Amino acid sequence: MAPQRLLLLFIFLFYFSSFPSTARFITGPSSPTDLVSDGISTVKNPPFLSLKPLFSAEESCEQTYGFLPCTTTVLGNLFLIIVYGYLMFLAATYLSNGSELLLEILGPGIVGGLFLPILGALPDAMLILVSGLSGTAETAQDQVSVGMGLLAGSTVMLLTVIWGSCVVVGRCDIRDSVAVDGTITKGFHLTETGVSTDIWTCYAASIMAISVIPFVIVQLPQVLNSTSGRHLAVLIALIISVSMLVSYCVYQVFQPWIQRRRLAFVKHKHVISGILRHLKKQAFGKLLTEDGEPNTEIIRKLFETIDENGDGRLSPSELKALIIGIRFEEIDFDKDDAVMKVMADFDTSLDSYIQKEEFVRGITKWINEAKQTGGAYLEPNAGTFKFIDQFHQQTKREHALLGSEEQSDEVVEHVENPRWISFKAVLMLLLGTLIAAAFADPLVDAVDNFSTATSIPSFFISFIALPLATNSSEAVSAIIFATRKKQRTASLTFSELYGAVTMNNVLCLSVFLALVYVRGLTWDFSSEVLVILIVCIVMGAFASFRTTFPLWTCSIAYILYPFSLALVYVLDYVFGWS
């Protein structure tokens, strides 16, 4: 009940303390600055020091929806930003909790791939939408910088401050270039502690880097100093952005199925490598001839040792006994499924038995595949080659990179009272959506009024403050999840961060481009686009080609945040970029 009481207190205080107020005008001859002359020539105020009165103002403001409170004072607008920001945080929390409950019932696939990413980006999309719908085209052009500030600030915050914090709190000891789950004995060592993720996280980072393509397209006319093609560039970027949004959602829907297929394939390769290593030991290193070719005579003799009843063929039960006897300790898998796949590889006659020659051909095929994959390393003092062991080690690494089967399993555990949980989830989603829709416009107005009262550009307010409201619940849950110090949780955490940025780059940008195109606004955000490109490409390329991140990598993320803010200020207000 505490959050609800705090919310009611906030509403009561700002409603009765933030009504438009007026002050008495001082009459007399006008001066160039509309102030009473003191005999001193006009002095222009620096843009960041031109503050209006803290508690009163001569101007009146327009109430959002005709009844929500507003003010033109600095403190009044600051208070409104805090209250409306808290309401947007509440909306994001409801959307996040409702999505997780829905995921419990329905599992991944449509829900995890389609609804969750869209609902996660909904508060940002709402704020961007209302920033460009307000009033006339001139008003919208002025307020749309709030939407761009939110878009850039959200992307930069997720990939810098939150990303770096997840590395710090999720760090474990690094051994053999991999972080060991739940082990932290080396404190804050910069190179020997860190986090490890799976290969799917690398794919998510690559997709995030690719998602900046619409930004590049819409920026081309400015780069080429062309004014005639700007409207067309916005349309082309919008079409590509929407296409990428649909493609990304389709990928997310089918990604669990793809992951399960990849895991099944790698497990089959592990069975192959295990059987080859076992046969190599049984043959005392003579499974291959001196020139590295399969030794068919030895393979035939091995077949006879496996053929327990001596009938000249291997039955599924004999094959299963072989697989169980090998004792695959590194990876757990379904033994019956493994038998079926080996039979499919060897049983070319389709009689449900493996004949001796089928066995020889099948083992020869496996050896040649291992040779192509594992390389050919000569073992000292042994007349054979080491590529079978190399092949085995490679399959273990591939399985580790793909992550555990729990991540790709689409089976949902039994949930008690699913109807009530479904109703609760839908209620939370509706409530979060209504709050976001209702208070996005007042928040944009408060930011715009605060910018006017302080002469601070609204972009910087939205760049720094608004992402804290719309992404705070996502940030806190990501950091808490990372503290579990496991590869699986680290993979999920960073994948969610990359996914959130991808949705910013396709969904939120699509909304933004649609506003610019439909309302005939001017695309005037060169410095902001440059910041988004730098951060997304740097972090995307960094995370696409490695799965282990030592602690020192968090410094790169932390440095990028102030660098991004300083870069926008320098380009816009020193060099006058537009």
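The backbone N, Cα and C atoms fix where each Cβ goes, glycine too.
Here is what TrEMBL records for this protein:
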type     : residues : note
DOMAIN   : 294-329  : domain 'EF-hand'
DOMAIN   : 334-369  : domain 'EF-hand'
SIGNAL   : 1-23     : signal peptide
TRANSMEM : 74-95    : transmembrane segment
TRANSMEM : 102-130  : transmembrane segment
TRANSMEM : 150-169  : transmembrane segment
TRANSMEM : 200-220  : transmembrane segment
TRANSMEM : 232-254  : transmembrane segment
TRANSMEM : 421-440  : transmembrane segment
TRANSMEM : 460-482  : transmembrane segment
TRANSMEM : 494-517  : transmembrane segment
TRANSMEM : 529-549  : transmembrane segment
TRANSMEM : 556-575  : transmembrane segment
Counting CB pairs under 8 Å, which listed stretch among 150-169, 460-482, 494-517 touches the transmembrane segment (529-549) the most? 150-169
How about long-range neighbours of the transmembrane segment (494-517): same chain, 6 or more residues beyond its ends, C-beta under 8 Å? 117-118, 120-121, 124-125, 128-129, 131-133, 140, 144, 147-148, 151, 154-155, 158-159, 162-163, 166, 195, 197, 200-201, 204-205, 207-208, 211-212, 214-215, 218, 231, 234-235, 237-238, 241-242, 244-245, 248, 252, 471, 474, 478, 523, 532, 536, 540, 543
Could you give me three numbers for the domain 'EF-hand' (294-329), the DSSP helix, strand and coil residue counts? 22 helix, 3 strand, 11 coil
In the same chain, who gets a Cβ under 8 Å from the transmembrane segment (556-575) while lying at least 6 residues past its ends? 47, 152, 156-157, 159-161, 163-164, 167, 457, 459-460, 463-464, 526-528, 530-531, 534-535, 538-539, 542
Beyond the flanks of the transmembrane segment (460-482) by 6 or more, those residues with Cβ under 8 Å of it: 81, 84-86, 88-89, 92-93, 96, 120, 123-124, 127, 145-150, 152-154, 156-158, 161-162, 165-167, 169-170, 195, 443, 447, 450-451, 489-490, 492-493, 496-497, 500, 565, 568-569
Looking at the domain 'EF-hand' (334-369) alone, can you tell me the average pLDDT? 82
